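Q: Pasting the feature list from Swiss-Prot:
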- 1-8: topological domain 'Cytoplasmic' (TOPO_DOM)
- ASN55: N-linked glycosylation site (CARBOHYD)
- CYS94-CYS154: disulfide bond (DISULFID)
- GLU97: active site, proton donor/acceptor (ACT_SITE)
- 99-103: region 'Interaction with peptide substrate' (REGION)
- CYS223-CYS230: disulfide bond (DISULFID)
- 325-355: region 'Disordered' (REGION)
- 341-355: compositional bias 'Basic and acidic residues' (COMPBIAS)
Amino acid sequence: MIGKLKQNLLVACLVISSVTVFYLCRHAMDCHHRIEERSQPLLSSLHATLRTGQNLSTPFIYNKDMPLIFIGGVPRSGTTLMRAMLDAHPDVRCGEETRVIPRILAMKQMWSRSGREKMRLDEAGVTDEVLDSAMQAFLLEIIVKHGEPANYLCNKDPFALKSLTYLAKIFPHAKFILMVRDGRASVHSMISRKVTIAGFDLSSYRDCLTKWNRAIETMYTQCLEAADKCLPVHYEQLVLHPEKWMRTLLRFLNIPWNDAVLHHEELIGKAGGVSLSKVERSTDQVIKPVNVEALSKWVGKIPLDVQRDMAVIAPMLARLGYDPHANPPNYGRPDPLVLDNTRRLQKSPEKPNPS
């Protein structure tokens, strides 16, 4: 009788022990799973994975070594047209201006220029390496997540290219497109369309041309220093000869040719096409096909005293290949496709926009 009681107690102890071990193991697995979940955001900043809506089995992997594309230039220089044409390509996504990226880059530049601030940061352990790593993660997060996934991601924030050299350092495989336009046309567009740009006095052609000269000189110099990583594209030539320049551009970016880039207006608002912002000033222009309407609208609008001093006010005009005294200038003859687009727009009853 006593032997049987001992046997029953032993069985009961074994059952209780087994249940306890099972519970502890399960609890440990749950804790491990939660820790993994909590660590995921930290990992995602270094290695982001998104999935397309079309094929959930195909992930897009993003990291600092991917071939990012940055489009920039002085505002009103064709940056929106360029990004819309690239956005029409099925393998590329640019999207709207983030507005955040040039501001955070300007802040980083300010820290670097101030010897006192840099010393304070170094003393706090916030070294250049720490800041570069943080900038990589922050910028990549913005670029990746503010739009749809794609094989090639691009960012279009015009003044971001003031930091072209730094961007090339933290994104070693990135490429840059610098949009160049006749400064007289860019400035007339800013003033006539009342496009507010920090530091530009829209009541003065002289002031705006001086600021244009300073900004484009900064970006153009960095573009040349970046050598085969940066391609300057003249807005006038892109508009006059879109196929030639888009083929040149896609070869530069190592992206296969696609005819869709010549007809961006047909893909506006469509899935996988061109997404436009309601608040960007160029939106009402890029909904049209490529045309020459805006090329010479500045002629006859610039004050005579500014025209007289143009070569001194804006020496970058001559450096970029524009004649500062030509009024009107001769940019060249448009391709037949562009001529046809322009004629159709001129026959349209829609009121033309100033540019």
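Backbone N, Cα and C define each Cβ position, glycine as well.
Because the structure is a prediction, the values reported are computed rather than measured.
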Q: Tell me, what is the mean pLDDT of the topological domain 'Cytoplasmic' (1-8)?
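A: Across the residues of the topological domain 'Cytoplasmic' (1-8) the model's pLDDT averages 48 on the 0 to 100 scale.
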Q: Near the Cβ of CYS223 (disulfide bond), how many other Cβ atoms are there if near means within 10 Å?
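A: Its Cβ shell of radius 10 Å holds 23 other Cβ atoms.
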Q: Could you give the number of helix, strand and coil residues in the region 'Interaction with peptide substrate' (99-103) as assigned by DSSP?
A: 4 helix, 0 strand, 1 coil
Q: What three-state class does DSSP give CYS154 (disulfide bond)?
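A: It is in a strand.
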Q: How many Å lie between the Cα of the residue listed as 'active site, proton donor/acceptor' and the Cα of CYS154 (disulfide bond)?
A: 10
Q: For the C-alpha pair, I'd like the distance in angstrom between CYS154 (disulfide bond) and CYS223 (disulfide bond), rounded off.
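A: Per the Cα atoms, CYS154 (disulfide bond) and CYS223 (disulfide bond) stand 17 Å apart.
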Q: Using a 10 Å cut-off, grab the number of neighbouring Cβ atoms around the Cβ of CYS230 (disulfide bond), all chains included.
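A: Step by step: centre on the Cβ of CYS230 (disulfide bond), count other Cβ atoms within 10 Å, giving 24.
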